[in-house]
Amino acid sequence: MYNCAIILAAGKGKRMKSSMPKVVHKVCGKEMVNHVIDNVRKANIKDVNLVIGKGSETVKEHTRDRNVTYSMQEEQLGTGHAVICAEEFLKDKKGTVAIFTGDAPLITNETIQELFEFHNSGKYAATLISSTVQDPTGYGRIIREASGEVKKIVEHKDCNEEELKVNEINSGMYCFDIEVLLNSLKNLNNDNSQGEYYLTDVIEITKKSGDKVGAIVVPYEEIMGVNSRVQLSEAEIVMRKRINHKHMVNGVTFIDCESTYIDVDVEIGNDTIIYPGCVIQGNTTIKEECTLYSNSRICNSVIGSGVIVENSVILESHVGEGTTVGPFAYIRPETKIGKSARIGDFVEIKKSTIGDNTKVSHLTYIGDAEVGSKCNFGCGTVVVNYDGQRKQKTIIGNNAFIGCNTNLISPVKVNDNTYIAAGSTITKEVPEGSLAIARSKQINKEGWLDKKGLLKK
């Protein structure tokens, strides 16, 4: 059986008060429309078409790596009109098409699979997703036959007294036999107060043709649409609970899961402990038995097993197993830190490689450098990598001892097994086995204060 999907992503989203199309706003680090696309793909649906409108180039930019096709809805004339705009996508296809909305990011791949299975096994012409709620005010009601089949969808304003008591509501997500859908679209009109073409009318047209219409009921959170910043925040809360619950089931400890913020694509190994206030973003992988103390942010990075991070920021970098980072360290993009290293407080590292067992304990800047293993950086060391026009490279070998308050003026090389005296400004290569001293000779002028009349009596 051939299955495909159409995702409606042309809405303007006026209530978002944004210059961006609504569907590219992110929930837990991923655009809403990409949540829907990815879950459709997880349900083994390969052919996906996005109906786009205002801000189409922005939507394309955010979805071009998803291998989808696009249909253009120049004017927003209703959900039915949006599907009409995708008729070319459905042309010459036979099978089943599901229709989802790009602003409902909480739909799961399990529900999508269930929708197709229910629709195809029951040989329905149309199947919709519904939900039961305590307060259905404002929603279209699902009215069923005695057999359980869907009889009709009635908008709230059109409900009679009995229909108002129904608490099963329409989600706006459907599954259709492609041929039935295309035939029904031919009979769709905009004879209503809004002058729009409604997809709900296709259900009525299908039913009048004598075809079967079914519905599956899912939790309300799965059909939540996002039309405002408030609803975006509500969707974020639901998604965050799902993400954190998944990690806890997989063996991750959260000291306070409600104040821990993890993006949907993050991977975390078991026996890792995460303290409140941590933010883990993007395509980050954290291996087993790590400890992330409060107020740490990690983005698009790989953290090895047994790493400890405390009150620090790690961006687009790799931290080797057994290393400690922080407190208050800043690991900038393209940094690779080896195993069992120590990156201490108020240390900034940028676009550098740090070898195994190297210690950079405090108040140090390292940029555009290659640092070997078993090195020690004293407090206040600075790699001076910028000459005013471009960044220069510094190379430090193994077993180098860099004394406190040292400036390494790039480009420069410090070879293996070297010592640099505290307070030195190094501008030339330091040979292996050497002690480098580059500071002014101390001069003591005895009695100077008394001669100047500065000695306090």
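Using the three backbone atoms N, Cα and C, a Cβ is placed for every residue, glycine included.
In Swiss-Prot this protein carries:
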- 1-229: region 'Pyrophosphorylase' (REGION)
- 8-11, K22, Q73, 78-79, G140, E155, N170, N227, R332, K350, Y365, N376: UDP-N-acetyl-alpha-D-glucosamine binding site (BINDING)
- D103, N227: Mg(2+) binding site (BINDING)
- 230-250: region 'Linker' (REGION)
- 251-457: region 'N-acetyltransferase' (REGION)
- H362: active site, proton acceptor (ACT_SITE)
- N385, Y386, A422, R439: acetyl-CoA binding site (BINDING)
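Projection of Swiss-Prot feature records onto the structure.
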residue	record	CB count, 10 Å
L8	UDP-N-acetyl-alpha-D-glucosamine binding site	28
A10	UDP-N-acetyl-alpha-D-glucosamine binding site	27
K22	UDP-N-acetyl-alpha-D-glucosamine binding site	26
G78	UDP-N-acetyl-alpha-D-glucosamine binding site	21
G140	UDP-N-acetyl-alpha-D-glucosamine binding site	23
N170	UDP-N-acetyl-alpha-D-glucosamine binding site	24
N227	Mg(2+) binding site	14
H362	active site, proton acceptor	19
N385	acetyl-CoA binding site	23
A422	acetyl-CoA binding site	15
Rounded Cα-Cα span from D103 (Mg(2+) binding site) to R332 (UDP-N-acetyl-alpha-D-glucosamine binding site), Å: 34
Assigned element (helix, strand, coil) containing Y365 (UDP-N-acetyl-alpha-D-glucosamine binding site), judged by DSSP: strand
Which of Y365, Y386, all binding-site residues, has a Cβ with the fewest other Cβ atoms inside 10 Å: Y386
K22 (UDP-N-acetyl-alpha-D-glucosamine binding site): secondary structure state under DSSP, collapsed to three categories: helix
Distance [Cα-Cα, Å, rounded] between G78 (UDP-N-acetyl-alpha-D-glucosamine binding site) and N227 (Mg(2+) binding site): 16
Nearest recorded site to L8 (UDP-N-acetyl-alpha-D-glucosamine binding site) by CA-CA distance, among recorded positions H362, N385, R439: N385
Which of R332, R439, all binding-site residues, has a Cβ with the fewest other Cβ atoms inside 10 Å: R439
Tertiary neighbours of D103 (Mg(2+) binding site) (same chain, Cβ under 8 Å, six or more apart): A9, G11, G13, K22, V23, M32, V33, G225, V226, N227
Annotated acetyl-CoA contacts N385, Y386, A422, R439, maximal Cα-Cα distance (Å, integer): 22
By Cα-Cα distance, the member of binding-site residues A10, G140, Y386, A422, R439 nearest H362 (active site, proton acceptor): A422
Nearest-integer angstrom distance between the alpha carbons (Cα) of Y365 (UDP-N-acetyl-alpha-D-glucosamine binding site) and Y386 (acetyl-CoA binding site): 12
